[in-house]
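For reference, the structure discussed in these notes is given below.
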Amino acid sequence: MRCRLGLKECPKNDAGILRCFPKIEQPFGMVIFGASGDLTKRKLVPALNRLFEAEILPERFFVLGAARTRMGDEEFRSRFNTQPDLLKRFSYTRVDYQNPDTFKSLKRVVDDLMKRFGVRNLIFYLSVPPDVYVPIIENLSKAGLNTETSRIVIEKPFGKDLKSARELEQVLQRSFGEHQIFRIDHYLGKETVQNILVFRFANFIFEEIWNNKFVDHVQITIAEGIGVEHRAGYFENTGLLRDIFQNHMLQILALITMEPPSSFNGESFRSERVKLLRSIRPFPVEDLENWIVRGQYGRGTVNGRVVPAYREEPGVSKNSSVETFVAMKLFIDNWRWSGVPFYLRAGKRLPKKVTEVAVVFKRIPHSIFPNVPSKDLEPNTIIFTIQPNEAISLEFQVKRPCPGMTPQLLSMDFRYEDYFGVKLPDAYERLLLDVILGDTTLFMRRDDLEVSWELLDPVLKAWESDPVRFEPHIYPSGTWGPKEADLLIERDGRRWRRP
Ligand SMILES: NC(=O)C1=CN([C@@H]2O[C@H](COP(=O)(O)OP(=O)(O)OC[C@H]3O[C@@H](n4cnc5c(N)ncnc54)[C@H](OP(=O)(O)O)[C@@H]3O)[C@@H](O)[C@H]2O)C=CC1
Ligand SMILES: O=C1O[C@H](COP(=O)(O)O)[C@@H](O)[C@H](O)[C@H]1O
């Protein structure tokens, strides 16, 4: 099938990197608040660099870093390993996020850059901890920078709870139109996450079995081997539930379970996603421990390296009760999924970095094979390996090539890199492109946030109200979390996959 560029094959450069986005015509300026931080260095600038190398970015654009850290243009540029011609478009200015006067100076700097580069469209990227969003938005408005042609990108976790998320939305709506607001969850930019939709809705056979008549349970794992790194300033005020579940986990769950939208573009896709989130059963706070397990990594060994406990990390309180691991069980109360348990887990300092979804089907009702009871036959499973080694696998039974009738489980695997022969574009490449183009399809809508916080707020409040009862269970780094997380699924007669 030909793609929107009319190509039957995905073009790639000699490094095997996918190069098939159309060149953008309209000029833009991007102001990155918090540009001295981790996201800018690890994700935003590398994504801009790849778009630049692919000659996708327009001739006229600039990037202005804005943060409190004192540095000049050259020091800012020296932080990044990118094409020199790209760095020529980078500059830096100091701002105090709380001080309106510094935003007046910022406007002077921006106006000058807009003249120099012939730019009208401004993008403000808030790559700062959530606590700082509101003052930045209000000061952009006071300085008159929130023009009709400007756009604003808000990073997850979109506030800290339902109340602050609503306050953030009110401030946002006062300063920008809905079409100008890009609430980013970068998992939606991942090719493998988007492919869940193509797998489900471009193939007839899977949708017919994608329900409680055939599915026994679903497991979603978002595991990381890294710890909090140098992000204690953010993470100590956030925790794993806000950092990963309120956004990435719930978005993946929604794509796996939502009803088919009438169209991918426009509001239909986003509406079906929100409809699904609304059907998740609220957690019973009276016996929350039976539904949600909190963990915090202790000392241990990851990939052969001895690592410190969370509480020993720089910037972390010595008696911090912030969770670095969460496992939960939930139900989706609708016709399609009624009665099917969903087991979700995410954490830091686990044995490896892997994100996968496993749709586990029911066992056969009766075995016709001598000495092979149905309980010994592993069920069919469809596994979406979101990252790394991106793939989709189907596990099924075949006959072992020997006398008798002995089934053997094997896996049929589609691996992106083997099949397409390209390295997948990073999520931020696609999402930055969509921001520049003004396409909000892969971004969160305000009701996405409303619903996800409505679901998790009672959990956060319960944890805060009884810190002793909900003290996180310490687990050794390099393990799959506290044993309580295993009990969560094992008491239902199931077990976590070891991806
Ligand atoms: N890092 C990641 O992998 C990802 C991060 N995100 C989101 O992106 C945003 C930024 O993340 P990240 O770059 O990792 O964050 P950082 O902790 O690196 O903070 C970014 C910048 O914000 C400023 N900052 C840090 N703490 C405070 C504070 N308490 N008050 C005011 N300013 C502060 C600092 O700049 P200065 O002091 O110079 O002003 C810092 O360089 C967050 O909302 C995060 O959830 C989303 C996906 C992935
Ligand atoms: O949003 C976040 O995501 C990263 C993991 O992103 P990935 O694309 O590498 O899976 C996580 O490390 C970070 O804590 C969180 O803020």
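Just so you know, the numbers here start at 1 and follow the chain as drawn.
Note that Cβ sites are derived from N, Cα and C of the backbone, with glycine treated the same way.
Here TrEMBL has H186, K190, E224, K348, K353 binding substrate, and the candidate from D243, D333, D376 in that same listed site is D243. Considering only the recorded positions E224, H248, K353, the residue whose Cα is spatially closest to the Cα of G34 (NADP(+) binding site) is H248. Checking the binding-site residues G34, S36, D38, R68, K348 against ligand 1, the ones whose Cβ sits under 6 Å from it are G34, S36, D38, R68. Only D243, in sequence order, out of the binding-site residues G34, D243, K348 have a CB under 6 Å from ligand 2. Confidence across the domain 'Glucose-6-phosphate dehydrogenase C-terminal' (197-497), taken as the mean pLDDT and rounded to a whole number, stands at 96. Distance between Cα atoms for E224 (substrate binding site) and H248 (active site, proton acceptor): 13 Å, as a whole number.
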